[in-house]
């Protein structure tokens, strides 16, 4: 007799105009690690939101049986009471509160109506020990790295007597070391009888940790794979995810003719007065026409800060050194000046500072170059729809029309809107910061193809990426950054994962 | 009165006439809801007052009394859209009205010089707010609260010796009390008003037809022919009715003309121009706007500068209507303007809200006051009822937004 802790039966969920889930069935056995994989927009997050009560009972159809009982959650607190805790990709911690306050936030240890802080600290220490996090419980969360913050989230979940722990892309923001630690921790929690559902795009992780993996595609359950039967392999998962075999994750580029230097930094140093330190030190780099230059490095190595210091310096760093665009020295005081010189920056945080989520697709695509569809300050709305429709088709943005709100799109499609926005500007140099973070394999392939297409049109690309496979698969040349410095430069022929990691940890 | 340019390309084709109308209503429920609410309020008051509420005289007075709040509400809409607030506008209007009165009666400056000077002072005052908010980084609530106290003091100071300052300039007083000359009466109706109404209807129909042709040329979806004609007839009928009402009293007042010009200018500015789009971009996501090359500081200056100018205009309208400047002029104008903007559908989260909505919001609030005054409702109940309507409007707003999200 199978002991299922969770059965979701025939779950369907509709948003206005979009059927997000169709008849999804999903079963998780007690004490296993069950991975949920699928392309972006396949319905993974929606399914987990149904499970955790974010979408309350009645807004979906189908049954949820948890711990032997049918459950009708009307809010997140209902599901927490039942023992289901979900940890989102974007961590939900209070940065200005201490670790122990965070762990017991919303679940305060009380004695006769007052919070018992001493007891809280003691208990928090116990939880931290469980997740093997060796920090003082009184440390402020903002002083911890992302990896440790992730562990605080898990400690918080454990403090609530969790039976089923759901992790949404837990390693997306972590470096390899922290990721490995996290996976190890999940294995140990499994020994303690905690069931775990993990949503992940990193198939290597899935293979390393999953007992079972369920594949969703287009809002339907495709299959559940069993590790014990040797079914969980990269090829099998990808095949089910995209419904086709992908020969190569990285599309090949044939023309590798590089032209003149389009962009160059000489002894470039950026000092952040708020943090009181250099975020980039003595950086020398260049990009040639038609070249994809990868910038590898660990989280926090200063890559995003370097990009921002180039792109009009929105954070107000103090800059030193020389920047050359097509051989001519330039200084930018505002992103608009960088854009005018043909530099574009696609941010790593598309929801936070990349897109206008409450506006529609056409609005977003023309946002950085509105004058192109305006005569004398007046917007030609019809022309705007025409050009945005062109990018919608060219980039294969999946939406009913260009008047769809961007906040309603899946991550991959949002990223395509970001790309469309900058393609409409027509830059010479495109800086892509984590271009495929949180995006599924199919959409990744599309984005790589777009990058190659742009290169063949004579553009140059700087690609900042934490995924070594991507760096190696797409770049023509690789710079490695560590602690704000360029620690290595590698031609693609001589680059491999070990060498990059060596430079990154210098 | 209706300046709505309808964006309903997303409405699915096919289905019957009523189905299409229903889906149109559903998509635009928040916007239409406001018009429906205004209609219901007017209908109720008409019934309760035996038609007195919709009489030419009352509607004319109602619109004139709305003018100085309506122009503030237009500016406030943009301030709230970029996630700020301006508490200084009430006493700023009072103070600048007083300065106008002083320039006219004590310095004997002509009207055609006084008005530009006052508007300029308004813009400068607004830019100072913009400087404090955008360049120094003080929260708008605090910066403009300080402005409110300073303007209040300044108003008391300039009216200290004289008390209420009377304005005897007929040209100036006509702004708040005069009407577009009738030229001649046609069956007891003002000819000029009828002509203006007819021209408005013709312009409206022509622009709608041009829009539709353009969309068809680009192969975009448009509403079906019958809905289109129905809309034209409906809006034209409303313009005709309002014209007829106003023509039956003294015609169209200069206050209404100014209010219309401000609304039309700001409506086009916000929906059709690059500047307007940039304002909404800053409101939707300031960081993304900055990284898209939009100068967030400049936009903040522009929006506060425009707010200052409209405060000055509001002061001119109010002073002219009372034909005098008093030490208490402008009291609570800012809250009425903020209330009108929220009733009209702006969102404090930024990036959402229409200028036309705020005008309707202002008219809704004014209608409530006017109707309750006619019915002899006590002032205590008036405040409570208006507060309730404000809360209801925002609740409705939040509910419809949730459903769509």
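A Cβ is built for glycine as well, from the same backbone N, Cα and C atoms used for every other residue.
All TrEMBL annotations are machine predictions without curation.
Since the structure is predicted, the reported quantities are computational estimates derived from the model, not experimental observations.
The transmembrane segment feature in TrEMBL is assigned to B:32-53, B:65-85, B:91-111, B:118-151, B:186-206, B:227-246, B:252-269, B:299-320, B:383-400.
Taking every recorded stretch in B:32-53, B:118-151, B:186-206, B:252-269, B:299-320 and counting its Cβ pairs under 8 Å to the transmembrane segment (B:383-400), the highest total belongs to B:32-53. Remote same-chain residues near the transmembrane segment (B:118-151) are listed as 79, 84-92, 94-96, 99-100, 103, 296-297, 300-313, 315-316, 330, 334 (criterion: CB distance under 8 Å, separation of at least six residues from the stretch ends).
At the 8 Å Cβ cutoff, the transmembrane segment (B:299-320) and the transmembrane segment (B:65-85) share at least 3 close pairs (sequence separation 6 or more) and count as touching. Remote same-chain partners of the transmembrane segment (B:91-111), defined as residues 6 or more beyond its termini with a Cβ less than 8 Å from a stretch Cβ, comprise 68, 72, 117-118, 121-122, 125, 147-148, 151-152, 154-155, 158-159, 165-169, 171-172, 308, 311-312, 314-316, 318-319, 324-325, 328-331, 333.
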